[in-house]
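Encoded as structure tokens, the structure appears first; notes follow it.
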Amino acid sequence: MGSLSQQAHGPPDAPRSKEELLIHAKDFINQYFTSFQMNKTRAHFHRLGEINDLIEKSGTYDLTMAELTFGAKHAWRNAPGCIGRSQWSKLQVFDAREIGTPREMFEALCSHIRYATNEGKIRSTITIFPQRKEGRPDFRVWNTQLISYAGYKLGDGKVIGDPANVEFTEMCVEMGWKPKHGMFDLLPLVLSAAENSPEYFELPTELVLEVTLKHPEYPWFAEMGLKWYALPTDSGMLLDCGGLEFPSCPFNGWFMGTMIGSRNLCDPHRYNMLEPIGLKMGLNTETASSLWKDRVLIEVNVAVLYSFESANVTIVNHHDASTDFISHMDKEIKLRGGCPSDWVRMVPPMSGSTLEVFHQEMLLYNLHPAFVRQDVKPWKKHVWKSDQSVPINSCNPKRKLGFKALARAVEFSASLMSKALSSRVKCSIFYATETGRSERFARRLSEIFKPVFHSRVVCMDDYAVETLEHESLVMVITSTFGNGEPPENGKQFAQSLLDMKRKYDCDLGFLESCSSISTCIKSSILTEGPLAADVIGDRQSLAMGTGPLCNVRFAVFGLGSKAYPYYAAYGKYIYLMLQELGAERLVNYCAGDALYGQEQSFRAWSEEVFKASCEAFCLDNRNDAPGPQTKGDCSKVRIVPVENCQEPDLCQVLRNIHGKEVMPLILAERIQLQAKDSDQQTILIKLDAHNATDLKYAPGDHVAIFPANSPEIVDAILVRLDTSKGPSPDQVVKTEISTQLGTNDTWRSHLPICTSRTAFSFLLDVTTPPSQEILQVLATQASSDMDKHKLEQLASNSEAYEKWRLDLSPNILEILDEFPSLKIPPSLLLTQLPLLQPRYYSISSSQQKNPNEVHATIAVVRFKTQDGDGPVHEGVCSSWLNRSPIGTVVPCFLRSAPHFHLPEDPSLPIIMIGPGSGIAPFRSFWQQRLGEIENTMPSCENTMLSCETTIPSCENSMPSCENTMPSCENTMPSCENTIPSCENTIPSCENTMPSCENTIPSWERTMQPCQIILPSQTKKHFGEMVLYTGCRTAKHMIYAAELEEMKRLGVLSNYHVALSREAALPKMYVQDIIIKNAAAVYEIVMKKGGHFYVSGDVSMAHDVTRALELVLCQQGGREASQQVMSLRDENLFHEDIFGSFVRKAGGQRSEDE
């Protein structure tokens, strides 16, 4: 059974009452939050409360951009008369709610037409103008279609052009439009905006794409001069969303062929071309029985489809449209229990019974959000002003402005800028970072995009990924931390993308076998395919896209270091995930290597992506990326003295700048771990939290320490700066940067209130070689042409810059020395230098043993640049901690490393690989195990008696084994763990005392009572812990005595030390010992399901992984690399790695940027 066509009554001109509005608003917000599974959450209830308060106070409220996008898409989804609404999720929404004049409306509509036309590859688009408000005339587009043809009524009643537009054409002529009296004259747009008088605007001919109609078999068809426009844009609908009404919201999809061929050209009340074409075809038009009308109708529709397809303009035939809708309807019934449909409007105007929709039972009902048909003749209701004949842009005599008038003008100018920004395409630039470099690149990209797009920079952690589908243009700039991990503020973003993929698609592609984000990211490195493909020059229409992000265009730039096996892996993961979710890439994935050419890679990528973005959004005359803004302008930065003000607490300042929970720990103790005659220094620092209740960490976690720069370097920099015209270095100041909004300059704070000395000491990085961008700024301050030329060369020539950076690794002081003509105002340097970033160290303590302390094992960095011939450079943090007096406040925060924690089951054995300072996290492991053993076996002393009494029998029977027995006696505190060590001592007895061989069975028998007694007293069974460590020589060994103690106590089952430069021994590395103990390693990892931990620099970790692969291959005959990947995926293979020390490059390099 079909339905009758019901035309919804248009809403009244006045907005809804508060009560009715609140009902609609609550229903809509419930739909919105339910759509991404956040209903009944804190955010949901907060938004409901916020809207309720706004309606009570003002009688209305505003939708967020995400809510507006959701509403517009679902209004199309709910439209009962649209056969093409299966593409509802791909609708592009342009927010024009800040627009205030007809001229601004026209500019927004031109942008809409340009974007939607897309050179023929039509994109479904809607532009939404301000909502209806009490006491304000509506914003309206008076045309029923943005693009339509004029109709001229002649004296004899005949019409030239489109008869449907005769009345509107006459109204345009009355407004002053000059008619051309042709069959296909483009009508002007007539627009009204609130209290403004309506205005008409001619559409630029180059903006409107028209298709000349021709027939594949009738050459004469082209001679008839028929044509039609490519973009069908309905501008007479009202969007009813959340109780708010938007009377002006032009919307387009793309044509179905019959809309042009049957309705527009052949309908008797439109162009009525049936008979002229029938006569051309030689048909008998005198009798209906010849079915000439049907034959003409078919050929006209064939011509329309043929012409559009030949011109590469998007169009769909009515058969495919019918099939597509039936499929959509089936899905909707499964998902929502129904699909409102108007049979009369759904069935195409030809081939009725041959289509599935013709035979489909439909039910017509209304859902909200909704599109509602309005009065199509707004000029009938408009109250024309008596003085409208006066030109709107007429000039008044100039007069002088007073201060108040000038202030109002400034405010008005700022509001115009705000409106201009709101009408632009919005571009969201997401970043994730550990050191701040990704954020700096993101802000630089924003500066490039700002002149054309409405760009914003957002940290991934601050963004709700559920709203990503409502974005139009997305840029991602992210680093990779450690061994292929996301930065801390990018973890949730990564997980949310994976959750979205699993929600919308059961086919996970390269993610199918991944059990965690970490393995997903690592798997992305092995994925080729889309990354290797060239950018598709002729982009596919979004109508053909699939996935929840099919309406999003994106690009990704990854930062990393090729020293790492998972180079820039997180960026690649984001790139692949966005593609998997249906987003359209603008350019291929690009990564910048921290070791070489990162700045150059970013520059090339940013230029390419800017051009691609302008092309994607059809922005004309934007072929070149804007050049960087002049940052050397000292008038745009300033420091202002602050009188009678003390500096704020340093930890609070760092908390505000970095957004971390910074704690003031106290340096309680510092221990030199290496021998006095060692040429290296490694220190153990103990930080006291003085009973802080929020000190919580697990073995394997990290402590991030905010260091201070060397006082000598800071003092020397302050002496070299040009402070003649400014406050002294010890004067408390405000550091500010000028930003422009319209014509109004406003000053915003760049750093917290503090002295210049404090800023250079604790807040700014003065030791890292400056970027090319900073060198460009410094070049503006050089008074010598030679200095200026060299600085400009370094700033523009990436190859010269990289060589200079790697050879000299210069800090700011050395640059001031190298370029003596530099006279830099403190304000400029304070605003250009990057922030001093925290240094991350593995925690070397356990709260089981040290509940109020955090220990860290730190290699003190000290080296000479220029291959050992340059000045001495020191590590910022390690040197500060090495020289700071006991009692110094150390600002720091804790970071969880969940992938490097001990196994939840303590009975599982573990292997720990950590040469040099890589041993740091394993100290927390053995401290944790020692504490657990002590807490688990409170009555072990009683059980030791039975064990101790068995020892004399062995001693008496094997007097020469006496030296081996004490280790057994001393291991009794952890009695269960001593048995393997006791058994391990027996072979040495056998080897040293063959005569004792017969007594060993009695030893083993006498140990059984201990093993029988222990289970009744022991709560847990602990797996063995084996450590592989290494260093250059014995004097470089750290924690030697502690390791021996842990073995004596049975905490460590065993440990092995590799010495690589001991004179009397062959060179040995940890990977060599692993291969040497292949059988034992294989036993623990593969047969006992043990965990394998690696800590240290990246090159060592790579060698250890290769060694483990060799062990697995030799011992088990397995596919080695696949087996290690399987261990990773099962969370049995753990890595906590950092960059190697590269002397030429100036210190430690990490994959984190």
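The backbone N, Cα and C atoms fix where each Cβ goes, glycine too.
These figures come from a predicted structure and were not determined experimentally.
As written in Swiss-Prot, here are the features:
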- S3, F358: (6R)-L-erythro-5,6,7,8-tetrahydrobiopterin binding site (BINDING)
- C82: heme b binding site (BINDING)
- Q145, W254, N264: L-arginine binding site (BINDING)
- 556-587: FMN binding site (BINDING)
- 697-708, 836-846: FAD binding site (BINDING)
- 911-929, 1089-1104: NADP(+) binding site (BINDING)
- 660-903: domain 'FAD-binding FR-type' (DOMAIN)
- 397-417: region 'Calmodulin-binding' (REGION)
- 934-940: repeat '1' (REPEAT)
- 941-947: repeat '2' (REPEAT)
- 948-954: repeat '3' (REPEAT)
- 955-961: repeat '4' (REPEAT)
- 962-968: repeat '5' (REPEAT)
- 969-975: repeat '6' (REPEAT)
- 976-982: repeat '7' (REPEAT)
- 983-989: repeat '8' (REPEAT)
- 990-996: repeat '9' (REPEAT)
- 997-1003: repeat '10' (REPEAT)
- 1004-1010: repeat '11' (REPEAT)
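Whole-number maximum of the Cα to Cα distances across the L-arginine-binding residues Q145, W254, N264: 15 angstrom. Those residues of the chain, other than Q145, W254, N264, with a C-beta within 8 angstroms of the mean position of the L-arginine site C-beta atoms are I147, W228, Y229, L231, P232, T233, F255, M259, I260. Of the recorded residues, L836 (FAD binding site) and W926 (NADP(+) binding site) place their C-alpha atoms 33 Å from one another.
A helical conformation is recorded for P921 (NADP(+) binding site) in the three-state DSSP classification.
Among the binding-site residues W254, G700, R839, S842, G1090, the residue whose Cα lies closest in space to that of F358 ((6R)-L-erythro-5,6,7,8-tetrahydrobiopterin binding site) is W254.
DSSP assigns S842 (FAD binding site) to a strand in the three-state reduction. Note: the Cα of M1100 (NADP(+) binding site) and the Cα of Y564 (FMN binding site) are spaced 11 Å from each other. Cβ neighbour density within 10 Å is lowest for S845 among the binding-site residues S842, S845. The shortest Cα-Cα distance between P921 (NADP(+) binding site) and any of the binding-site residues G560, L576, Y697, S845 is the one to S845. Looking at E580, E584, the binding-site residues in this record, the fewest other C-beta atoms within 10 angstroms of the C-beta turn up around E584. G560 (FMN binding site) and R839 (FAD binding site) have their C-alpha atoms 17 Å apart, to the nearest angstrom. For the binding-site residues listed here (G560, G700, P921, G1090), the lowest count of other CB atoms within 10 A around the CB belongs to G1090. If you draw a 10 Å sphere around the CB of G916 (NADP(+) binding site), it holds 22 other CB atoms from the protein chains shown. Spacing of N264 (L-arginine binding site) relative to E580 (FMN binding site) is 40 Å (Cα to Cα, whole number). Closest to G700 (FAD binding site) in space, going by CA atoms and restricting to the binding-site residues Q145, Y564, E580, I911, W926, is W926. Each residue contributes its Cα atom, and for V556 (FMN binding site) and S842 (FAD binding site) these two points are 31 Å apart.
Using S842 (FAD binding site) as the reference Cα, a 10 A cut-off selects S1095 from the binding-site residues C82, G1090, S1095.
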